[in-house]
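Chemist: Would you mind keeping the following structure in view while I ask a few things?
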Amino acid sequence: MTRIKINARRIFSLLIPFFFFTSVHAEQTATPAKPVTVEAKNETFAPQHPDQYLSWKATSEQSERVDALAEDPRLVILWAGYPFSRDYNKPRGHAFAVTDVRETLRTGAPKNAEDGPLPMACWSCKSPDVARLIQKDGEDGYFHGKWARGGPEIVNNLGCADCHNTASPEFAKGKPELTLSRPYAARAMEAIGKPFEKAGRFDQQSMVCGQCHVEYYFDGKNKAVKFPWDDGMKVENMEQYYDKIAFSDWTNSLSKTPMLKAQHPEYETWTAGIHGKNNVTCIDCHMPKVQNAEGKLYTDHKIGNPFDNFAQTCANCHTQDKAALQKVVAERKQSINDLKIKVEDQLVHAHFEAKAALDAGATEAEMKPIQDDIRHAQWRWDLAIASHGIHMHAPEEGLRMLGTAMDKAADARTKLARLLATKGITHEIQIPDISTKEKAQQAIGLNMEQIKAEKQDFIKTVIPQWEEQERKNGLLSQ
């Protein structure tokens, strides 16, 4: 049995989180003041916090683009009819937050401020300019309109003012002064009984990360960001909430099912895991204290893999060596991934079988219970896999969610087999060749050549116009 050291702050678990999880500075006062002014230019704070700034800037080294659709073409089918079927890359460093949302095929190729497929809310986790605009225009003023409206305004990459009260005198003296810069995040924390001002400093550290590393949806006519935590944070609680308000992110173009798309629910899954239950915060593993050249300790803002700073992270509490813990990580990741693929295979078949039933004349009433099962199965699968580090944040919860997703998908397929039989269809429904991303995209009718050409034109013509306005308005340091 693994022996655990007792830390003065709390008992750590036997596991370690593994993937990137946005975090914040470890030192802070218990009740930081609310921001008075939002300065979005990160370079402004380099003289006061040089080590933190340089380590934050080093997130530009995390530059590799990994195409998740190419790795797993099944995703294209599951997200048919949704922008994620066009383009889905794994996360890069914070230094690429603005670039990546501008260049992804998901945001389309708008020609003007009123054009394009997505709302302003899609900027909300990308930049301290979001906090600046909310302060300037209010939430309603910030959220209204299309994503392209924010192009000339959202320019500085995720940074200082997203997590810190940079206007505070204490921050100027070198203190962290954590804050929730997104009012909707503060309301969500209050909804689960965690008002930020009353939280302890370890809770606050993770709550700041939880402004963005959460599940959310776009609410109301203005498409404002809201966290679906009114009924609780477990997958079933959020599913119940979404069903109650009859919300869907999109309708799958094959099965015509009203679907839910999970975002990146690290806060929810971390909370459900042993680290979260013992209040081992995001920064303990992803932003440890390290020494600068003069031997002074500071919080490393190059958010990343705990194994890259093993002595400052895992070894603080675990007695195993690095290789032993890496083996634990690999085994848990493999277990999650194996079940993930099995659930995806069932869902792919369910979507195509539902399409066959509709093509054969199935009615809305006949399809409703089947589509409910597909919706719930894919929601549970998505919430499990959208949190990239769930295999270490909450592996048991991840396997549980995937297990219930498998059950729901099986229920859908059983009902589909019976319904198809009533339409005279007893043979197996053939699935087209989806062995590559390109073939899967072709199977759902995407004209990727046109989509990519339009995006390249947008990058060459519209983004330079935005950048010219940014420089003219003094929104960038350079």
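Each residue, glycine too, has its Cβ placed from N, Cα and C.
Taken from Swiss-Prot, the feature signal peptide covers 1-26. According to Swiss-Prot, the heme c 3 binding site annotation covers His94, Cys209, Cys212, His213, on the basis of sequence analysis. As annotated by Swiss-Prot, heme binding site applies to Cys122, Cys125, Lys126. Positions annotated as heme c 2 binding site by Swiss-Prot: Cys160, Cys163, His164, His301. Residues or ranges marked as Ca(2+) binding site by Swiss-Prot: Glu215, Tyr216, Lys261, Gln263. The substrate binding site feature in Swiss-Prot is assigned to Tyr216, His264; the stated evidence is sequence analysis. Marked as heme c 5 binding site by Swiss-Prot on the basis of sequence analysis: His275, Cys314, Cys317, His318. The heme c 4 binding site annotation in Swiss-Prot covers Cys282, Cys285, His286, His393, and the record cites sequence analysis as its basis.
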Chemist: Within 10 Å of the Cβ of Cys317 (heme c 5 binding site), how many other Cβ atoms can be counted across all chains shown?
Modeler: 19
Chemist: Taking 10 A as the limit, how many CB atoms besides its own sit near the CB of Lys261 (Ca(2+) binding site)?
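Modeler: Taking every protein chain into account, the count is 19.
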Chemist: Applying the rule Cβ within 8 Å of the centroid of the Cβ atoms of Glu215, Tyr216, Lys261, Gln263, what extra residues of the same chain belong around the Ca(2+) site?
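Modeler: Near the Ca(2+) site, beyond Glu215, Tyr216, Lys261, Gln263, sit Val214, Tyr217, Ala262, His264, Pro265, Ala386.
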Chemist: Taking only the Cα atoms, work out how far Tyr216 (Ca(2+) binding site) lies from Cys209 (heme c 3 binding site), in Å, as a whole number.
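Modeler: About 14 Å separate the Cα atoms of these two residues.
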Chemist: To the nearest Å, how far is the Cα of Cys285 (heme c 4 binding site) from the Cα of His318 (heme c 5 binding site)?
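Modeler: His318 (heme c 5 binding site) has its Cα 12 Å from the Cα of Cys285 (heme c 4 binding site).
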Chemist: Write down the Cα-Cα distance for His164 (heme c 2 binding site) and Lys261 (Ca(2+) binding site), rounded and given in Å.
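Modeler: Rounded to the nearest whole number, the Cα-Cα distance is 30 Å.
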Chemist: Gln263 (Ca(2+) binding site): which of the binding-site residues His94, Cys163, His213, His286, His301 have a C-alpha within 10 angstroms of it?
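Modeler: Final answer, ordered: His213.
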Chemist: Just to be sure I understand: of His94, Cys122, Glu215, His301, Cys314, which binding-site residues have a C-alpha no more than 10 angstroms from the C-alpha of Cys282 (heme c 4 binding site)?
Modeler: none
Chemist: State the count of C-beta atoms found within 10 angstroms of the C-beta of His94 (heme c 3 binding site), not counting that atom itself.
Modeler: 24
Chemist: Considering the binding-site residues His164, His286, His393, which residue's Cβ sits among the greatest number of other Cβ atoms within 10 Å?
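Modeler: Ranked by Cβ atoms within 10 Å, first place goes to His393.
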Chemist: Out of the binding-site residues Cys163, Cys212, His301, Cys314, Cys317, give me the one sitting nearest to Cys125 (heme binding site) by CA distance.
Modeler: Cys212
Chemist: Taking the Cα of Cys163 (heme c 2 binding site) as the centre, which of the binding-site residues listed as Cys122, Lys126, Cys209 lie within 10 Å of it?
Modeler: Cys209
Chemist: Relative to the Cβ position of His213 (heme c 3 binding site), how many further Cβ atoms are located within 10 Å?
Modeler: 24
Chemist: According to DSSP, folded down to helix, strand and coil, what is His318 (heme c 5 binding site)?
Modeler: strand
Chemist: Which binding-site residues from the set Lys126, Cys317, His318 come within 10 angstroms of His94 (heme c 3 binding site), judged by C-alpha positions?
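Modeler: For His94 (heme c 3 binding site), the binding-site residues whose Cα atoms are within 10 Å come to Lys126.
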Chemist: Give the maximum pairwise CA distance in Å, whole number, for the residues Cys160, Cys163, His164, His301 listed as binding heme c 2.
Modeler: 13
